[in-house]
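Copied from Swiss-Prot, the annotated features are:
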{"type": "BINDING", "residues": "Gly83, 86-87, Thr91, 93-96, 111-119, Ser123", "note": "5-phospho-alpha-D-ribose 1-diphosphate binding site"}
{"type": "BINDING", "residues": "Gly83", "note": "anthranilate 1 binding site"}
{"type": "BINDING", "residues": "Ser95, Glu229", "note": "Mg(2+) 1 binding site"}
{"type": "BINDING", "residues": "Arg169", "note": "anthranilate 2 binding site"}
{"type": "BINDING", "residues": "Asp228, Glu229", "note": "Mg(2+) 2 binding site"}
Amino acid sequence: MITPQQALTRLVEQREIFHDEMLALMRQIMRGELTPVQIAGVITGLRVKKETVGEIAAAAEVMREFALEVPVQQREHLVDTCGTGGDAAHTFNISTTAAFVAAAAGARVAKHGGRSVSSTSGSADVLEALGVNLALTPEQVAASIDAIGIGFMFAPNFHGAMRHAAPVRRELGVRTLFNILGPLTNPANAPHQLLGVFHADLVGILVRVLQRLGSSHVMVVHGSDGMDEITLAGDTLIGELKDGEVSEYTINPREFGLQPCGSDALKVWDATQAKDMLLSVLDDLPGPARDIVLFNAGAAIYVADRAATLGEGIELAREAIRSGAARDKLQQLVAYSTQAKQA
């Protein structure tokens, strides 16, 4: 057992917290055994030192341990499209839109998310605007995924132990370990993942964290314009975990027949605008919004092992939108979640 004081001493000296020690420290935080000052000291110390793969993996293990489990029965092709947020791009909900497209193409989507971090509309905000009921039990979310191929887990409902750290995070107002733990702690434990990150340095780190956590097929992505998505603006840095091996490379929209475009055409200022842009994509309106969803949904389909290549995934995404299947998937989730609320 490591005390908060011992951990702080280690961090001030720029030394790593070992795996078992990090497990113990994180459990103390999750149980409410540390004071707000101690929590602030530890997470700030980790940030200043720079969190290692081992420290992040241990913290994620504990957060998963304390989360409510979503007991999905059919785990093959189960994928999450959750990102860190924090890129301040103010774009519409690309990964949420991509989730419906991927589900329509045969992936099973366990979408994990919350309210806005730095954008004007988080995944929960836009889904609520679309009529999705966020207050489902773990069993109801699992049933949704098994029945219609997609379910949404509103993060605060599944990570109750985070209440001990949440006020500290808000008051500190700077990025800490907890900003990157959310996408690593899917309550359905999805083995496939498309994870967008707010800084290029996190690509190599988080793909190796997911490797340690036992993920199957993962892409961690960061756009050259700073987006925590696969971008149309230029290159995207990719960290891919496949067949137990990690590779890092870049991709560009031109390689896949997509028109390069900056993020201005993707900006929204509230959940209503985000909803309208999401619906325009699902209605197959040509333009940058549809193209960036094709790019990201294609990647989600690929990492869910529903396509052999990213290019094939993009074509499957294109057909899912063109056929109306992606729009149908949204309507199915609205209907299923509303029915569950009334049950």
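Glycine too: its Cβ is placed from the backbone N, Cα and C atoms.
In the structure shown, across all protein chains, His112 is the one of the binding-site residues His112, Arg115, Arg169 with the greatest number of other Cβ atoms within 10 Å. Ranked by CA distance from Glu229 (Mg(2+) 1 binding site), the binding-site residues Gly83, His112, Arg169 have Gly83 at the top as the closest.
Cβ environment of Ser95 (5-phospho-alpha-D-ribose 1-diphosphate binding site): Thr81, Cys82, Gly83, Ser123, Leu194, Gly196, Glu229, Asn296 lie under 8 Å away, each six or more residues apart in the same chain. Asp228 (Mg(2+) 2 binding site) has a Cβ environment of 29 other Cβ atoms inside 10 Å.
Counting every protein chain shown, the number of other Cβ atoms lying within 10 Å of the Cβ of Thr91 (5-phospho-alpha-D-ribose 1-diphosphate binding site) is 24. The secondary structure of Thr91 (5-phospho-alpha-D-ribose 1-diphosphate binding site), as reduced to three states from DSSP, is extended strand. If you take the Cα of Thr91 (5-phospho-alpha-D-ribose 1-diphosphate binding site) and the Cα of Asp228 (Mg(2+) 2 binding site), they are about 10 angstrom apart, rounded to a whole number. Other Cβ atoms within 10 Å of the Cβ of Glu229 (Mg(2+) 1 binding site), summed over all protein chains shown, number 28.
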